[in-house]
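Taken from TrEMBL, the feature domain 'UvrD-like helicase ATP-binding' covers A:9-287. Taken from TrEMBL, the feature ATP binding site covers A:A30, A:G31, A:A32, A:G33, A:S34, A:G35, A:K36, A:T37. The annotation domain 'UvrD-like helicase C-terminal' is assigned in TrEMBL to A:288-562.
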Amino acid sequence: MISPPIADGLNEKQQQSVVLSEDVNALILAGAGSGKTRVLTHRIHYLVSEKNHHVDDILAVTFTNKAANEMKERLTNLLRQPIGRMWVGTFHSLAHRLLRTHPLEVKLSPTFQILDSQDQFRIVKRLMKENGIDETKFPIRKVQWFINQQKDEGILPQNIDAGYNFFVKQSAKVFDLYEKHCQANDLVDFAGLLVKSYELLKNNQNLLDYYQKKFCHILVDEFQDTNRIQYQFIKILHNQNNHVFCVGDDDQSIYGWRGARVENIQKIENDFKPIIVIKLEQNYRSTGNILSASNALIAKNQNRLEKSLWTESGDGDLINIFNARTETQEAQYVVSEIENHFNQGKNLSECAILYRSNAQSRVFEESLIKRNINYRIYGGLRFFERAEIKDAMGYIRLAENISDNIAFERVVNFPTRGIGISTIEKIRSHAVENHTDLFQSSIAIIESLPARAGNALQGFIHLIEALIDSTKNLTLSEKVDSTLLQSGLMTHYANDKTDKAGSKRENLDELVTAAKQYVHENESEMNETQGFIALATLDSSGESNQSSQESVQLMTVHSAKGLEFPVVFLVGLEEDLFPSRQSKDEPHLLDEERRLCYVGMTRAMQSLTLSYASRRFLHGQSFYSLNSRFLDEIPKSFLNYIKNPNSDYTTTAYEDVKSSPQKMVSTLSSSIYSIGQVVNHAKFGHGTILNYEGSGDSMRLQIKFQKAGTKWLISSYAKLEIV
DNA sequence: ACCAGGACAATTTTT
DNA sequence: TTGTCCTGGT
């Protein structure tokens, strides 16, 4: 029916999806590893080369920059034409582009700035302080979270019905203040990009007509991750004459806590009629056992759009289960297994350690360092979120747009130049009273300041003016380089003797490289510098498709979504950790945990090991733990229990200990110590035994010393004297 | 302006 | 336990 190259290497269902008629909407339920990105890119290829659509007729939306970049790259190869300004990108970047094209229609100036979450935090904090809202009762993080939640739902402050909930009431008040602040200061946060884009289309019929007509085809990746405002955005762009093509997998919905609505994937069948649903169920990634075990696990969830994945590849190895005594032993086991794989010729980068929470990474790091194995950890502060980078960007932003108040506040006294809080307060209030920006206010009030503060501020003003003047004709990277020097940031870190200064200097150098690598699109609504500034906020990773080196990959299961590895260790499968304590009592949260576990398992291509520890040190305390219920939900026939050579008790024995505290005491009483007993330590002096763990030589005692505080000591080393 | 020490909290994370 | 943030002292 269709000629290669469109059908090239696609299975029947994939082909069907790709060549679907142009008259229907489509929902492609694409299971893990079923080649969904392939289908998406080939669909576009088909529309362009067979149906003679121009690339500009197509809108393709993803969630992450990574996915967007990958799609762009694949399309460039497939279409063999530059995709230039094609509308491919994240929801946020596309919304941003819309707003940059039509800022006035939503009461923004053409130079409006985007707030990242740090900036947002600071603003919320200041507003709360100014309005006397007690941040100990209403933690700023929670209020910020609340605000974003509302915005993701498309809810405005005036539409919140707080009822008797005091937290909601106060948060709604802050929300209102915050929205007004943003409006007055020409600021848009991440959620705001979407909210405003939606409003733009809703309130401007001619624009809506234009874009509905322009985008003949709207393709959405990872549809299960859409939140309400994103759904509305897609829905409003859709009319009788254009069509949506959505790809998603309800079993991989793991961002519900962030506002993603799995229901959207079900709603789509009613809201976008006529629609054709196609399931992609052939998996090209994992071996039979891995797949069957994953299928069995996810089958425990209710309300699924049932799919059952299958594979043509053989059963492969069984899934290994390892029960470690402690988290340290778990790490040692995993690392020694990685060494084995390495010795058998596997590349380190083919091995991944996946965990539920970032705090778990440390033990693995320590173990890897000990054995001298390269590793890479994902997570933590990203490049453009680092303080030194944000400072540098602050100067660049201020030089580009003198009324960028966020940037002004960031750099006005960093590196410190004697401009104190009181001076800044004066600048702020002048700005508010005169409806002008902080920079103009500074110039205006300088005469009225005490000599010292005045001089300091004058110095800053001259610095910025000189910066603007001297960099205006430079290329972007020269501009960045020169800004680093003129601002004094480089000197500041050169004089800084603390151990972190070196890496900060390296990061700043890296910023120059990032500027060099930045590719600006010529017909953009922005100039090159503005484009670079926007990129820094909208894609803070700062990664330019660099290949991962020869190193073991450590990351949370969340960040592993969309990736695959030949060898996977999914660790910490314990009750209260995975599923997490906060989720286990609520059915819909527990289901999401199960999906998360499913996502983790289905990352594995050939080898999958699940591990858990019977005792774990967390938040400075040791806890006994039960194996995760998810392990019990996988049929035994797929599992291979690894014998633990160092285990001094079996699972059942320890469960006895865990389930009845009395037993702990009775076990303890067989040793020479008992809880409540007073002992003497050579160094710490007198103390009382509060608790204990383990037995024999490895027994550890928790002792509250009169002077030295509470400590955990190993009984065989501690040389305790019973008093 | 800067640092030490205390209080406090600690899933998941994109944009 | 670790990191972060705030405070109070110098």
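The backbone N, Cα and C atoms fix where each Cβ goes, glycine too.
Within 10 Å of the Cβ of A:T37 (ATP binding site) there are 17 other Cβ atoms, across all protein chains. Around the Cβ of A:K36 (ATP binding site), a 10 Å sphere holds 22 further Cβ atoms from the protein chains shown.
For the binding-site residues A:G31, A:G33, A:G35, the greatest number of Cβ atoms within 10 Å around a candidate Cβ is found at A:G31. Within the set of binding-site residues (A:A30, A:A32), the lowest number of other Cβ atoms found within 10 Å of a Cβ is recorded at A:A32.
A strand conformation is recorded for A:A30 (ATP binding site) in the three-state DSSP classification. Sequence-distant neighbours of A:S34 (ATP binding site) (same chain, 6+ apart, CB under 8 A from its CB) are A:L280, A:E281, A:Q282, A:N283, A:Y284, A:L309.
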